[in-house]
Amino acid sequence: MKAWGLLLLVVIAIKAVSTQWNVWMPRDISAMTNSCVVIPCSFMYPSGVRPYRGVHGIWYFGQPYPQLFPPVVYKSRTDIVHESYKGRTKLVGDLHQKNCTLRIGNIGPEHSGRYYFRADLGGANIYTYPDFSELKVLDQPNIDVPEEIVSDDSLDLTCYAPDNCPDMTPEIHWMYTDYLPDPLFTADYLEDSNTAVISSTLTFTPRPMHNGQLLGCRVQYPNTTFVYEHLLALDVKYAPQTVWVNVSQEVMEGSAVMLHCEVDSNPVSRISWHFGDEELLSDTASNVSLYLEELNPSQEGIYTCVGDNGYGVMNTSMYLAVKFPPRDPWVNGSLTVVEGSSIYLHCNTQGSPVPTLTWLKDGELVGTITADELSVLELVELTPQGGGQYRCLAENEHGRSSSSLNITVEFAPILLDESKCTVVREGVQCVCMATGNPEPAIQFYLPDLNITINETENRFNYYTHTDGFTSTGMIKLRDKGEQMGNGGTGIHVHCSITNIYGTETVQLELQQEKKYMMAVIVGTIGGVAVIAFIIAAVRYVGHNNKKEDGNPGQDLVSKLENPSMFYSAVKKDKHSLRKKVLKTELLGSKFNSILEESTTGEEGDYQSVGSVAGLQRPELNYAALDFMRGRPREGRAGQGDDASDYTEIKSK
């Protein structure tokens, strides 16, 4: 063996250097359990010492001093050795050649320790060398693992097996390498201090997936059953590979949520949760959870989990949506604009999901429905009807809210159709009604008298009233004026309506004059109709009597002797006249209404301003039917069987 040659060279060198007590042996030596080990050894003694009765040697275990009674491993003079070494030890060197090499077979873990050599040259020339060789008995091969295995960096793993037993040469094989990317195996043989070691180096590039994977080195001695294995789990350092967080989610305002983050890295990362630029939570662990409670809309946004372990940094984000019903919309303040103006109404709100915005005017839809947080309603060329309450309604699936404003449209005064002069009992009443914003001021003007009426005087009853944007003015004139040559009235009334946007003056028409004249005509016609009805009734009765008696002449004489009087009077009685006119049903409801109007007038405080003679209604006091002088028609005298079928009616 190479070791023996090396040992011989060392011995020669020692002889050349010194002749003192000296020994050489490997400081460390190893062997596999149940195998053997040969400890190379050579010694020197002073040149002046002469061995007496030969050269002997003793190997001790643990201690070099006999007085401490260390276990005897080997003794050349006798076979007395410690129990644990019986049949196991043998001196393979020649003491006379100053070679103290020792072989120990079938070693076990209990044989691990220090071994000392003692030279016995006889007499007092006995010397225990302080140098020792420490034996390590291994139950598995050694694997040289770098202090740090980093992902994506090339890695060399070396498995060592001692080769210090000449009778047994080990073989090394790597286990569980099938999953490795392109593994490379390299064998080597090492000698150091007369000890031998064989090695096998595995080279590959680890990945994060290899972290925790098992690798094994197996040592086997041919022609024996001795097999030794060493398994290890790879500790591959790698930057964060994945950062897992909750999926983006929606939660209701006021609720709570737990955000989880788990980072795959080696070593474990420092995990931190961030919201915007703010760090909310951090910890060094494989996972960290962030608890949020009483959520509000300001907490909606992107939450980011960051993992940092010194080998790299990685982050993942998720979106947390906080749902809530629409807030009360912001709208313009109430506005006052001039007719014809165009304005924009703004409505702005917040809600999640984004609410729909609807504009309503006095409860009716205006504009379009907008699915946005801002809605602008354009009102073009506003009219008075465009004024009112405008409400912006915001709705989403979680609720609704609204805000309102008022639009007031200012406009010039407008005369209403109700403005007129009406003939009432013993006078004329003039009403002027106008609408406008601001409310119009009303005054009357009598051009015939050159009088402007805007307050109560002793000759006029002046009255005004305002309701909203409508103003009403009224005056009462006592007399009806004088008849004009063309049959018209002599009263002229002008109405003037005024506000800051304009003035309008109109002449009020006397709308009821013709109706009163018509009522008189209706009364007269009604009276005639009643008389005609009575005549028809008399004829019918007379005709029936003629048929019953069969003697018309006698009947006529009887009638002359006892004349009957029938009459009907149409008097100036309000109730009877109204009733009779209603019964005729000849002129329709229009004239009935006129008549009703004319009979329900109230007495008022009027001031005389002239007479209107043309407005006097003719009076029908009565109509009499006289049958006292009834006679036959001419040409029919003497015909007793052919009495007159009618009676002539005369007016008294």
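Even glycines carry a Cβ here, placed using N, Cα and C.
Automatic prediction, not curation, is the source of TrEMBL annotations.
Marked as signal peptide by TrEMBL: 1-19. Under the heading domain 'Ig-like', TrEMBL lists 130-233, 240-321, 326-408. The transmembrane segment feature in TrEMBL is assigned to 516-538. Taken from TrEMBL, the feature region 'Disordered' applies to 631-652.
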Across the domain 'Ig-like' (326-408), average pLDDT on the 0 to 100 scale: 92
The domain 'Ig-like' (326-408), counted residue by residue under DSSP: helix, strand, coil: 3 helix, 52 strand, 28 coil
Counts of helix, strand and coil residues, the domain 'Ig-like' (240-321), according to DSSP: 3 helix, 56 strand, 23 coil
Summary of DSSP states over the domain 'Ig-like' (130-233), given as helix, strand and coil counts: 3 helix, 60 strand, 41 coil
